[in-house]
Amino acid sequence: MLRVLLLAFSVVAVAHAELCKPDAQNAFKVRLSIKAALGDNAYAWDANEEYLFKAMVAFAMRRYSSKSTTQISNVLLCNVTDRVSFWFVVTDSTKNVTTVPGSEVEAAIRMNRNRINSAFLLNDKTLQFLEISSTLSPPVESSTPVWLTVFGVVLCLTVAGIVFLIVSGIQRHKKKSKESSETENLEEKCEVTVTIENGIPCETLDSKAGHVNGVYAADDERFTSL
Amino acid sequence: MEKSRPLWDNPLQFVFACISYAVGLGNVWRFPYLCQMYGGGGFLIPYFIMLIVEGMPLLYLELAVGQRMRRGSIGAWKTISPYLCGVGVASVVVSFFLSMYYNVINAWAFWYLFHSFQDPLPWASCPPNSNRTSYEAECARTSPTQYFWYRRTLNIAPSLEASGGLQWEQALCLTLAWLMVYLCILRGTESTGKVVYVTASLPYCVLIIYLVRGLTLHGAVNGLIYMFTPKLEQLANPKAWISAATQIFFSLGLGFGSLIAFASYNKPSNNCERHAVVVSLINSATSIFASIVTFSIYGFKATFNYESCINKVILLLTNAFDLEEGSLTADTLGAVRARLAAAHPHQYAELLPQLKNCSLEAELDTAVQGTGLAFIVYSEAIKNMEVPQLYSVLYFTMLLMLGIGSMLGNTAAILTPLTDSKFIATHLPKEVISGLVCFINCIIGLTFTMEAGNYWFDIFNDYAATLSLLLIVLVETIAVCYIYGIRRFEKDLQTMIGHKPSWYWKIMWAFASPLLIISLFIFYITDYILTGTLQYQAWDATQGQLVMKDYPGYALAVIGLLVATSTMCIPLGALVTFISRRLKRENISTVA
């Protein structure tokens with residue numbers, strides 16, 4: 001009995017070994033860079049982490065095709081190296097000793113990449129599924145590009161400055177021309193301005209008729225009569 | 001009686017205007033390159049000798065002429081001798097060509113400045129392609145900074161012939177750049193005098209900040225050691241001396257008429273001798289200061305690239321041989337490689353082509369100049385600093401200030417003769433003349449925003465000003481020394497400044513500088529003849545690098561036209577004056 005069991009076990013093990021080996025059909029290589037991602041907080045890769053990995057892959061397969069009955073035992077890992085890289089393959093429990101097609105596995109992993117990454121505290125670069133390309137995050141685009149906003153602000157300030165300078169220049173020019181026309185009028189007036197001497201207008205002094213000086217006004221009574 | 005000439009508010013405005021004009025982009029992106037090419041610290045020897053032999057004397061000459069004649073370049077040279085009005089016209093034509101293409105650099109600086117307000121910076125990483133499976137093909141072949149420059153900024157065509165359409169984003173930035181320049185020159189010296197306080201001092205603030213930041217960067221010391229180790233054997237190379245002479249000559253901006261224009265707004269008693277010495281010394285000191293900053297940035301970038309290269313090799317080996325993470329470091333790399341080569345020879349041999357030999361020297365040796373340095377190398381260094389947005393904004397604002405400062409000088413060189421001319425000044429106010437000049441330049445400058453625009457920019461940059469300026473300054477020096485007479489010039493200087501120029505100035509003006517310019521001229525002509533066909537560097541998107549191509553026929557015609565238009569003005573001016581005088585004499589003789 002024991003021998004039969006042992007034989008069956010070894011057959012399964014051999015079959016599994018054949019299913020999971022480097023470059024096998026539908027097998028994927030995984031590479032983790034835990035030290036690069038976490039530095040001092042890096043955890044060691046041991047059997048427990050492997051168990052978690054198998055669980056995450058099974059979870060991904062279940063989520064991808066909801067009818068799937070993938071168990072943790074369906075996920076086979078092999079060739080674990082010090083790099084922390086290994087190959088894995090997902091077997092199909094319904095069909096005997098076959099692997100789930102690579103395209104399905106790829107699609108499942110792709111769909112749940114974020115969940116798998118966060119389970120291990122890694123990202124797309126540090127938890128690499130070679131052959132499964134990750135979808136790059138789209139560039140952050142706002143409705144109006146940022147540069148247009150800044151451009152608009154600077155443009156408005158510059159145009160405002162130009163308009164201000166031009167308008168003040170025109171006003172200054174108008175004031176100057178008004179002032180210069182006023183000074184011209186004033187000059188014309190000045191030519192006929194009366195020149196004043198000792199407070200008495202010269203014209204009156206110039207008059208031919210002459211003026212009688214009130215001080216020396218003849219006072220007949222003062223002169224002695226002959 | 002004519003209107004009194006506008007003046008600078010104080011001599012400091014004049015000095016700042018000259019510094020703002022002379023200290024331009026050439027100090028930042030050409031001098032460090034020359035320093036690196038021609039012997040590091042040793043290049044300073046020919047540089048200072050040329051400064052003393054040609055830089056200071058020629059600068060003093062131009063400032064003195066402007067201050068004495070109190071007119072722009074056309075009027076000033078006409079006063080010296082009526083046959084020399086062509087020299088003034090040639091200066092204006094060269095300034096016109098320069099202002100056409102120079103403002104495009106300000107447009108690019110605006111573009112990068114506006115894009116600096118994002119996190120992450122757009123040139124920090126490659127954008128993903130349309131179905132988001134990997135990065136853009138062109139960006140993957142080259143680096144993100146080069147992709148951003150050649151594709152996103154210039155959208156460059158593969159060659160000069162494929163002119164492509166107008167880039168509306170660049171056209172907008174160019175329009176803004178011209179509006180900014182118009183704002184600064186609108187009121188003449190009144191507005192320019194205040195603007196130059198900012199454009200002259202802000203670059204120094206930014207350079208100091210960058211100096212402090214640059215020196216504290218990891219790996220900056222490598223760059224500085226590399227730069228300052230003098231390679232004195234380069235002094236035997238005549239190209240080093242010629243480059244020093246050319247750099248001094250073009251860095252000070254002689255021959256454009258801008259210095260004459262600025263000096264014409266001085267009070268006649270201004271001490272232009274002292275100012276000439278101060279401006280030329282500050283210009284050279286700024287070049288050296290800027291190259292210290294540039295070399296610490298180079299050192300940082302080279303060290304960063306070197307360490308990335310080493311890390312890539314380590315990652316490649318770790319992945320290929322499934323070694324434990326962290327077991328391979330930069331120190332153990334050599335030993336481990338040897339061990340792996342011995343243990344797994346076949347696999348190692350397959351991997352060998354991908355394993356680059358990383359060398360710090362090779363990274364430092366990549367000397368870059370011009371727009372490549374300013375927009376590619378610096379932005380690459382900035383993206384790796386902390387708080388890159390702040391440094392990016394500071395840097396591109398500095399580039400803008402340097403560029404606008406030089407533009408103020410260029411436009412002054414064009415506008416001063418126009419506003420001096422009675423015919424134009426009576427019909428149009430100053431604001432309208434400046435507006436027209438800016439508008440015409442902007443429209444023509446839109447050619448440089450097309451897809452092949454950068455190739456036309458290179459044509460203008462290399463050929464519009466070089467030969468013509470040498471000829472103009474040569475004629476200027478000979479005119480002042482031999483036609484006007486150096487005794488007469490001495491007396492004028494004595495009236496203005498109060499003392500006669502010493503024998504040093506007179507010897508330089510009369511003999512040393514003209515001889516130097518003639519030898520530079522001969523060198524350039526022989527160089528053009530010997531190189532045969534002229535070539536340019538075109539960006540090849542399929543390879544992700546620059547390739548050399550020949551200029552098509554019409555481009556060569558444009559180059560010839562550029563050089564001819566400005567140089568022919570000098571003899572044509574003399575001829576026209578001669579003919580008009582002859583006609584006048586005949587008229588008088590027929591009338592009498």
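Heads up, residue numbers simply count up from 1 along the chain you see.
Placement of Cβ uses the backbone N, Cα and C atoms for every residue, glycine included.
Keep in mind that TrEMBL annotations are predicted by a computer and have not been checked by a curator.
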- Identify the transmembrane segment range according to TrEMBL, selecting from B:43-61, B:195-213. B:43-61
- Which of these, B:Asn222, B:Asn271, B:Asn283, does TrEMBL list as part of the Na(+) site with B:Ala22, B:Val23, B:Asn27, B:Ser251, B:Leu402, B:Ser406? B:Asn283
- Does the transmembrane segment (B:82-102) reach the transmembrane segment (B:393-415) with at least 3 CB pairs under 8 A, where each pair is 6 or more residues apart? yes
- For the transmembrane segment (B:277-298): best-contacting stretch of B:43-61, B:240-265, B:463-486, B:554-579, by Cβ pairs under 8 Å: B:43-61
- Note on the structure: Around the Cβ of B:Ser251 (Na(+) binding site), other Cβ atoms found within 10 Å total 23
- Please work out the number of neighbouring Cβ atoms within 10 Å of the Cβ of B:Ala22 (Na(+) binding site), leaving out its own Cβ. 27
- Region pair the transmembrane segment (B:554-579) / the transmembrane segment (B:463-486), three or more CB pairs under 8 Å: yes
- Around the Cβ of B:Ser406 (Na(+) binding site), other Cβ atoms within 10 Å, all chains included, total 27
- Please list residues from the chain of B:Asn27 (Na(+) binding site) whose Cβ is under 8 angstroms from its Cβ, counting only those at least six apart in sequence. B:Ser251, B:Asn283, B:Thr286, B:Ser287, B:Ala290, B:Leu402
- Item | Other parts of the chain folded back onto the transmembrane segment (B:168-186), taken as Cβ under 8 Å at six or more residues beyond its ends | 103-104, 106-108, 110-111, 114, 153-154, 192, 195, 404, 407-408, 411-412, 415, 431, 434-435, 438-439, 441-442, 445-446, 448-449, 453
- Query: In the same chain, which residue numbers or ranges, 6 or more beyond the ends of the transmembrane segment (B:12-31), come under 8 angstroms Cβ to Cβ?
  - Reply: 63, 105, 189, 192-194, 196-197, 199-201, 203, 247, 250-253, 258-259, 262-263, 265-266, 270, 275, 278-280, 282-283, 286-288, 290-291, 294, 369-371, 373-374, 399, 402-403, 405-406, 408-409
- Query: Excluding the flanking five residues on each side, which residues at least 6 beyond the ends of the transmembrane segment (B:43-61) place their CB within less than 8 Å of a CB in that stretch?
  - Reply: 34-35, 234-235, 240-241, 244-245, 247-249, 252, 254, 259, 272-273, 276-277, 279-280, 284, 288, 473, 476-477, 480, 501, 505, 508-509, 512-513, 516-517
